[in-house]
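Please read through the structure below; I'll follow up with questions.
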There are 4 protein chains.
Amino acid sequence: MTSKNHRTEKRKSEHIDIVLNQKVTGKGVTTGFEKYRFRHCALPEIDFSEINLRTSFLGKPLQAPFLISSMTGGTDRAREINKNLATVAEERGWAMGLGSVRAAIEQPSAAYTFQLRKYAPTIPILANLGAVQLNYGYGVSECRQAIDLTEADGLILHLNSLQEVFQPEGDTRFKNLFSRIEDLCSTIEVPVGVKEVGWGIHGELARRLFESGVSFVDVAGAGGTSWSQVEKHRSKAKDPIRFQAAEAFTEWGIPTSECIVEAREKIDGEHTLIASGGMHDGVQGAKAIALGADLVGYARSLLPAAAHPTPEPLRSILERIELECRIAMFGIGAQNLTHLQGTNSIQRVN
Amino acid sequence: MTSKNHRTEKRKSEHIDIVLNQKVTGKGVTTGFEKYRFRHCALPEIDFSEINLRTSFLGKPLQAPFLISSMTGGTDRAREINKNLATVAEERGWAMGLGSVRAAIEQPSAAYTFQLRKYAPTIPILANLGAVQLNYGYGVSECRQAIDLTEADGLILHLNSLQEVFQPEGDTRFKNLFSRIEDLCSTIEVPVGVKEVGWGIHGELARRLFESGVSFVDVAGAGGTSWSQVEKHRSKAKDPIRFQAAEAFTEWGIPTSECIVEAREKIDGEHTLIASGGMHDGVQGAKAIALGADLVGYARSLLPAAAHPTPEPLRSILERIELECRIAMFGIGAQNLTHLQGTNSIQRVN
Amino acid sequence: MTSKNHRTEKRKSEHIDIVLNQKVTGKGVTTGFEKYRFRHCALPEIDFSEINLRTSFLGKPLQAPFLISSMTGGTDRAREINKNLATVAEERGWAMGLGSVRAAIEQPSAAYTFQLRKYAPTIPILANLGAVQLNYGYGVSECRQAIDLTEADGLILHLNSLQEVFQPEGDTRFKNLFSRIEDLCSTIEVPVGVKEVGWGIHGELARRLFESGVSFVDVAGAGGTSWSQVEKHRSKAKDPIRFQAAEAFTEWGIPTSECIVEAREKIDGEHTLIASGGMHDGVQGAKAIALGADLVGYARSLLPAAAHPTPEPLRSILERIELECRIAMFGIGAQNLTHLQGTNSIQRVN
Amino acid sequence: MTSKNHRTEKRKSEHIDIVLNQKVTGKGVTTGFEKYRFRHCALPEIDFSEINLRTSFLGKPLQAPFLISSMTGGTDRAREINKNLATVAEERGWAMGLGSVRAAIEQPSAAYTFQLRKYAPTIPILANLGAVQLNYGYGVSECRQAIDLTEADGLILHLNSLQEVFQPEGDTRFKNLFSRIEDLCSTIEVPVGVKEVGWGIHGELARRLFESGVSFVDVAGAGGTSWSQVEKHRSKAKDPIRFQAAEAFTEWGIPTSECIVEAREKIDGEHTLIASGGMHDGVQGAKAIALGADLVGYARSLLPAAAHPTPEPLRSILERIELECRIAMFGIGAQNLTHLQGTNSIQRVN
Ligand SMILES: Cc1cc2nc3c(=O)[nH]c(=O)nc-3n(C[C@H](O)[C@H](O)[C@H](O)COP(=O)(O)O)c2cc1C
Ligand SMILES: Cc1cc2nc3c(=O)[nH]c(=O)nc-3n(C[C@H](O)[C@H](O)[C@H](O)COP(=O)(O)O)c2cc1C
Ligand SMILES: Cc1cc2nc3c(=O)[nH]c(=O)nc-3n(C[C@H](O)[C@H](O)[C@H](O)COP(=O)(O)O)c2cc1C
Ligand SMILES: Cc1cc2nc3c(=O)[nH]c(=O)nc-3n(C[C@H](O)[C@H](O)[C@H](O)COP(=O)(O)O)c2cc1C
């Protein structure tokens, strides 16, 4: 194993530990969903049992408009987590994003940690790579490799500029990245999506990304996991100045709800928009959809249960999120996602 | 006793216990009355002793514009509570709503727990049934039965969609309920009203309900008892996912004050509008009337006193609420309810 | 001593004790001055020593635009407090309001407690009576008596509707009081002013009062002493319902700053407007003047020092208030009260 | 040593002690930067390593748009602090303001405490005098003396009206100061700037100052060190009334961010505007520049580290502030200060 690979692996494993054990949410910034409230409809005129959450993503059906956001891979422990995530996603009919596949490209022996098709034969699986790697030697062939080894339905490129800055070993050359993404989209055979990692994608950028050929955008906004907070814990001893600088960025980022509202104003209705960042229940999820999202992604709020030896705790969480979404829909009388997305029963609290 | 009846009874008795002993109010939502303030008039130009609270409801006079909201029935203990409520309502000239009479329809031997006419010969008494029962076999004959066995002046149908969802045994088929309510109103001989149970009825729905023939609407808005919180305590052990889902609904509902303001904008002046949900004093009551309500209903804030063996504690509360309302009227120089309802001495605090 | 006199005396003495020892400020309501901020002028272009606070009231010069608000009288202890207040008011050139003189009219032997001219030969002294007494047998002759026995320069009638309600023995006939005040103003030889006692006089009422002949209005708004809170302590044991009702009125009243802004919009510039209610320092005082007041009154914030055996502590407070007002004026470059009242260097904080 | 000199020295030394050991920030007022948020740009399209902070001030290059604000001098201890500040400012390429040089003019033997050119040969150094001294005998010759003995590139006059009031020994004659500043600017050979000390310079005054010939304005607004709080600690025993009066001024002053926004609206783009008052990190600094400042000054937040025997701790703070500013620029994709100042990626949080 090269020392670079070793570093990547160690970093990934530290991330899991920190996210599980430390306070990693920002301060002074929230998702903003608490500023929106559904208007209760006391006479919903539907039967609860007829509410359905079905939708589709990348040509495959989903039982619920939900996504397990990209998290992990590369180590034995990550593989256990991924197995739980894939098993339960398949059971419940959610889509699933993998953690960055770079670990497996740099170190083929790590590939098995991302090979989840056997646990999730039917759902959309998304491979994941840092967009910035396109400035560090990665091209269409590495991206194809990421797809092939994971049997994925599409590829997510993550934008994580500030995370890279807060990593002592970070890749921070973001110049000309836009045209490289554009090139990739026009070359590769599978759909390519772009996501942030918790600071959000603003409306104008979402619009430009769709114009340049991406198939979906996941805003991954602020209010949940804050990567300056996560990386802070890693740099503490090694780089005290960076550690302290991270503190000044706890409030950084665009709240998830603002990203969604903005993006939906700027982009066409048929473009697929994913809301994530700070999501932990199905009422928030329903709000995100009512504000314009097509799918809703959950990352950190699933991790503790996913790290459990058996899939039961994770399954309960997914069931709970779905139930909460259904109940919210019942509360406003929306029978399916089309009704939910078109509802005027959401309002800003004044 | 059938097991279904037994279940209904047990549920009702659990409700009382939970409401008396647990925190059952929502979080992140209030009645909104705290956002309104009366403009004090230092020179009221009336005599305090001449202020009168008299009004009428369903053709009967009331000494005060107040209602004891539907709560209980079906068990011995409920009967004691009901006796206290009826006795004191009669003394003070308030209207009284009964808890759901379904228990007595399913189990005739429980009827005595709702038979309060002997304690309250002159005041309006309202029978109560879940509106959704009209989708589960109830029709005009069951409704007549509810009226007959309680010697009531009218019938309240409660809309409680989310409560039914949070009950493992819940009746959640709300489809076509609107037209069934319409049918009932055009058939039955007594006035029919519709209420929520703590999530509110919005203005547009209030308007539609009056159009379809209901005689009064009780908004029963958010800010007081939250039924997701109540049912949560019941599902805790039996259904942990439902228990946790309830948490996401603590902020659900339309604040009582918003319901009133909205409804009054949408409906004609002569339609009877009842404000309830989170009411605990007479200043709030006066605010509700100033904002457009005709009557004000109190439920949970009366329960602890009503559960006392003797009526004295309850009587004190009713007297206090009336006194507070009178003092508020004196503070703005309103001599009677017509003045109070037409006042411009209420304003939103900025 | 008649038992009625005795009751009046006892009440007054209880007031002092409660105000000195209990929490008597409202909750959920403030003076509103904290919502205004002076815009600092870094280059004031005046000399601090040349700032002067001089003004006049009822034809007599004042060294500062300040008033000791009506508080006490009738008992030996009140007399000691009054002596301190009068001595220091004279020293500092403030105006002084007496507590209600009714005690001395009903019981001539109590007159000495209000006879402060010997301690305050030059300043304006204001006698005080409850306006509502004009509905209980008081007329121009009792008012003249109040002036004569106190050698006062004018008479303040206080409007205290809610205080009367919260007193078991209260005088609550406020009907036709307006025309009686009008009559008194047109008959009596001295200037008559009207004040509230802590719930405020709104702008329209201030306008009407000036139209009907009053010489000055003291808004005595909300945010300081709350009389529902004071009377609550007195009714606790005797009248538990009234005691509890008082709780619902802790937020009652119009904030002092709102009263001033409103009244100044409605009335002519030459009418004398006094700001009081919750004033405790000279920056607030300067804000009140900048918003339109001519004089500023302080009651409860002076009482603990006034109850001291010697005048020193009280003198320090008056000096402090003046110094704070001067510094605030220096901070915005206002050399005298005309500049302060005309300043545009005050703004609402957003 | 004259007793006046001795007093000046003692005061300066007390200031350091109080600022290091007491709570000296205001209450109820903040810089306002927390109300602004950068809009994250997930695809910055620049390389982090190419971001540069270079600018110039008074004709000299700066490596970063930062200034150590005027603090100290006059005593041995102050000299140690100044040596650290100068050494590190030179290393990092920041500008440096000296504390008031009056101590050295009144007492030539104190001059060495301000003679920092040997530690800082290339950066802009600013001498400092109280503007009000121009009303107390100081003229162009004393100002030249201040420049000469410090080998400074320019002179800062500080406006500290309220500080002078809170000092028992204060110089509070501010009349005609404006024209004296004007005269000085037109006579002296070096650039003259004007600053406040923590209560802010409003937009209109900034405009007038530039019109009358000053070369730069440092708003030194509210939200950081509050001089009423500092002086309070000194007057406590000696002058209890002044001590208590200081309390009423804890909320005084114009928030730094408001000063900047206002001034930038009123003045031409080429005038040099410095933001200071309450700055403690580089994200705030970047916000100040985005809102219109050219340079950003830090005072109290550097003092504890500057008081350390060696320069390391201070150096770390300057590096951290620069890093934070760079990261913020990366976060919005601004490569240099021109881009940062022209950005529309800053917005008020609602
Ligand atoms: C432990 C962990 C590892 C992550 N790794 C990746 C990753 O490899 N690739 C990626 O695009 N995002 C990654 N993310 C970011 C998430 O996909 C998500 O955008 C972010 O955490 C915000 O969502 P949350 O608030 O629900 O956690 C990771 C998040 C966590 C918590
Ligand atoms: C113990 C309890 C039992 C209730 N039972 C009924 C009922 O049978 N029928 C009904 O329409 N509402 C019922 N309610 C709802 C109340 O009538 C009321 O709408 C709701 O509690 C909100 O008012 P509150 O905040 O004053 O409690 C019940 C409330 C309580 C507290
Ligand atoms: C102990 C006490 C006695 C008072 N007595 C009178 C009175 O006799 N007449 C009157 O007009 N106001 C009376 N007041 C009311 C004050 O004049 C003033 O309007 C009110 O207290 C609000 O001002 P504050 O917040 O500064 O206390 C009294 C106030 C206090 C604290
Ligand atoms: C210990 C100390 C001494 C100061 N001395 C001076 C001074 O001599 N001249 C001056 O113009 N400002 C002086 N200041 C004010 C600062 O330059 C600055 O304007 C003010 O402290 C607000 O900035 P801050 O919040 O970053 O401290 C001093 C500040 C401190 C903390």
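Each Cβ is built from the backbone N, Cα and C atoms, and glycine gets one as well.
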Figure out which of D:Thr172, D:Thr225, D:Thr272 sits with D:Ser69, D:Ser70, D:Met71, D:Thr72, D:Ser100, D:Asn128, D:Lys195, D:Ala299, D:Arg300 in the FMN site per TrEMBL.
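The record-listed residue among the candidates is D:Thr225.
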Under DSSP, is D:Ala299 (FMN binding site) helix, strand or coil?
coil
With the cut-off set at 10 Å between Cβ atoms, which of these binding-site residues ends up with the most neighbours? Options: D:Arg11, D:Lys12, D:Arg102, D:Lys195.
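The most densely surrounded of these binding-site residues is D:Lys195.
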Tell me the Cα distance separating D:Glu164 (Mg(2+) binding site) from D:Ala299 (FMN binding site), rounded to the nearest angstrom.
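On Cα coordinates alone, these residues lie 19 Å apart.
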At a 10 Å cut-off from the C-beta of D:Gln163 (substrate binding site), count the other C-beta atoms across all protein chains.
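Looking across every protein chain shown, the total is 24.
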Across the whole of the domain 'FMN-dependent dehydrogenase' (D:178-341), what does the mean pLDDT come to? Round it, please.
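Summarising the domain 'FMN-dependent dehydrogenase' (D:178-341) by its mean pLDDT gives 96.
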For the domain 'FMN-dependent dehydrogenase' (D:7-107), jot down how many residues DSSP puts in helix, in strand and in coil.
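Its residues divide into 43 helix, 17 strand, 41 coil.
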For the FMN site given as D:Ser69, D:Ser70, D:Met71, D:Thr72, D:Ser100, D:Asn128, D:Lys195, D:Thr225, D:Ala299, D:Arg300, which other residues of the same chain have their Cβ within 8 Å of the site's Cβ centre?
D:Gly97, D:Gly99, D:His158, D:Val197
Taking D:Ser100 (substrate binding site) as the reference, which of D:Ser69, D:Glu164, D:Lys195 (the binding-site residues) have a CA within 10 A of its CA?
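The binding-site residues passing the 10 Å Cα test: none.
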If you count other C-beta atoms within 10 angstroms, which of the binding-site residues D:Ser69, D:Ser100 is the most crowded?
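Sorting the candidates by Cβ neighbours within 10 Å, the top entry is D:Ser69.
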Can you tell me which of D:Lys12, D:Met71, D:Ser100, D:Val101, D:Arg102, D:Ala299, our binding-site residues, come within under 6 Å of ligand 1 at the Cβ?
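The binding-site residues passing the 6 Å Cβ test: none.
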Highest Cβ count within 10 Å among the binding-site residues D:Met71, D:Val101, D:Ala299: which residue is it?
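Its Cβ has the most other Cβ atoms within 10 Å: D:Val101.
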Grab the substrate binding residues from the record (D:Arg11, D:Lys12, D:Ser100, D:Val101, D:Arg102, D:Gln163) and give me their largest CA-CA distance in Å.
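Roughly 17 Å, rounded to the nearest whole number.
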Does DSSP put D:Gln163 (substrate binding site) in a helix, in a strand, or in coil?
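Once the DSSP labels are grouped into three classes, D:Gln163 (substrate binding site) ends up as helix.
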